[in-house]
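Annotated in Swiss-Prot:
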{"type": "BINDING", "residues": "His75, His77, His93, His153", "note": "Cu cation binding site"}
{"type": "BINDING", "residues": "His93, Asp113", "note": "Zn(2+) binding site"}
{"type": "BINDING", "residues": "Arg213", "note": "substrate binding site"}
{"type": "COMPBIAS", "residues": "174-208", "note": "compositional bias 'Low complexity'"}
{"type": "CARBOHYD", "residues": "Asn53", "note": "N-linked glycosylation site"}
{"type": "CARBOHYD", "residues": "Asn86", "note": "N-linked glycosylation site"}
{"type": "CARBOHYD", "residues": "Asn98", "note": "N-linked glycosylation site"}
{"type": "CARBOHYD", "residues": "Asn120", "note": "N-linked glycosylation site"}
{"type": "CARBOHYD", "residues": "Asn156", "note": "N-linked glycosylation site"}
{"type": "CARBOHYD", "residues": "Asn164", "note": "N-linked glycosylation site"}
{"type": "CARBOHYD", "residues": "Asn182", "note": "N-linked glycosylation site"}
{"type": "CARBOHYD", "residues": "Asn193", "note": "N-linked glycosylation site"}
{"type": "CARBOHYD", "residues": "Asn196", "note": "N-linked glycosylation site"}
{"type": "LIPID", "residues": "Ser209", "note": "GPI-anchor amidated serine"}
{"type": "SIGNAL", "residues": "1-15", "note": "signal peptide"}
Amino acid sequence: MKYLSIISIVALALAGDSPISTDSKGKAPLVARFKKTSKSDIEGTIKFEPANNGTVLVSVDLTGLPSGVGPYPYHVHEKPVPESKNCTATGMHFNPFNGSTTAKTPAALELGDLSGRHGNITSESFEVEYDDSYISLNKDSKAYIGGLSIVVHSNNNTRLNCANITTLDEGDDTASAATWSNSSSSSSSSSKNSTNGSSGSSTSASQGSGAGRAEISGFLAAGIAGVVAALI
């Protein structure tokens with residue numbers, strides 16, 4: 001029991017808020033292109049464009065979602081869609097700041113949890129546009145999403161379809177011709193509606209304060225690691 005408690009404390013210390021990202025102004029837009037497959041009718045795009053304030057304007061335009069299995073969460077995943085076109089191989093949610101799947105604030109959620117911050121897809125044909133203050137189009141940023149992927153899930157976290165996030169001029173034959181996977185998301189993220197998190201642009205935290213909290217978490221984790229070593 002003592003060691004379980006220590007592990008829990010360490011996990012809390014390592015968790016941190018994602019900093020506000022305002023470094024995308026003037027950067028190249030990105031897009032995830034979804035195409036129909038033999039097992040999925042989902043098609044359309046999710047576009048990422050630099051906003052005037054340096055955050056990212058996200059435009060979702062998808063059709064063909066299967067009836068009866070919504071609402072549909074969607075997330076940025078940590079790996080691209082491979083040549084095998086298997087959505088399971090995209091790994092877990094993109095989470096460079098050790099966010100949580102159950103957090104109550106946008107900054108504390110996993111960075112890739114777009115639907116957690118802005119709401120699930122709620123219909124078989126769906127369009128929405130919003131500003132996200134945490135992901136980045138800057139290749140030098142820890143929050144950069146280029147080269148990763150997006151997975152659309154059913155309400156039980158089955159991976160329905162996936163697409164690579166590429167620049168507008170990149171080919172994406174491998175990126176979006178993804179196969180159906182009956183396995184649930186490896187990160188076991190629960191479905192969330194729009195009341196679970198507001199738009200990233202409404203968060204009042206600053207980039208500096210986010211970075212400060214991350215640094216403090218690092219110091220705390222190091223101290224706890226020392227305590228663990230002394231107890232073992």
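For all residues, glycine too, the Cβ spot is worked out from N, Cα and C.
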> Of all the glycosylation sites given, Asn98, Asn164, which residue's CB has the most CB neighbours within 10 A?
Replying inline: Asn164
> Where does His77 (Cu cation binding site) sit in the DSSP three-state scheme?
Replying inline: strand
> Rounded to the nearest angstrom, how far is the Cα of His153 (Cu cation binding site) from the Cα of Asn86 (N-linked glycosylation site)?
Replying inline: 14
> What is the total of other Cβ atoms whose distance to the Cβ of His75 (Cu cation binding site) is within 10 Å?
Replying inline: 27
> If you count the other Cβ atoms within 10 Å of each Cβ, which of the glycosylation sites Asn86, Asn120, Asn156 comes out on top?
Replying inline: Asn120
> Including all protein chains displayed, how many Cβ atoms other than that of Asp113 (Zn(2+) binding site) lie within 10 Å of its Cβ?
Replying inline: 28
> How many other Cβ atoms sit within 10 Å of the Cβ of His93 (Cu cation binding site)?
Replying inline: 25
>> Quick check: of the recorded positions listed here (His75, Asn98, Asn120, His153, Asn164), which one has the Cα closest to that of Asp113 (Zn(2+) binding site)?
In response: His75
> By a simple count, how many Cβ atoms lie within 10 Å of the Cβ of His153 (Cu cation binding site), its own Cβ left out?
Replying inline: 26
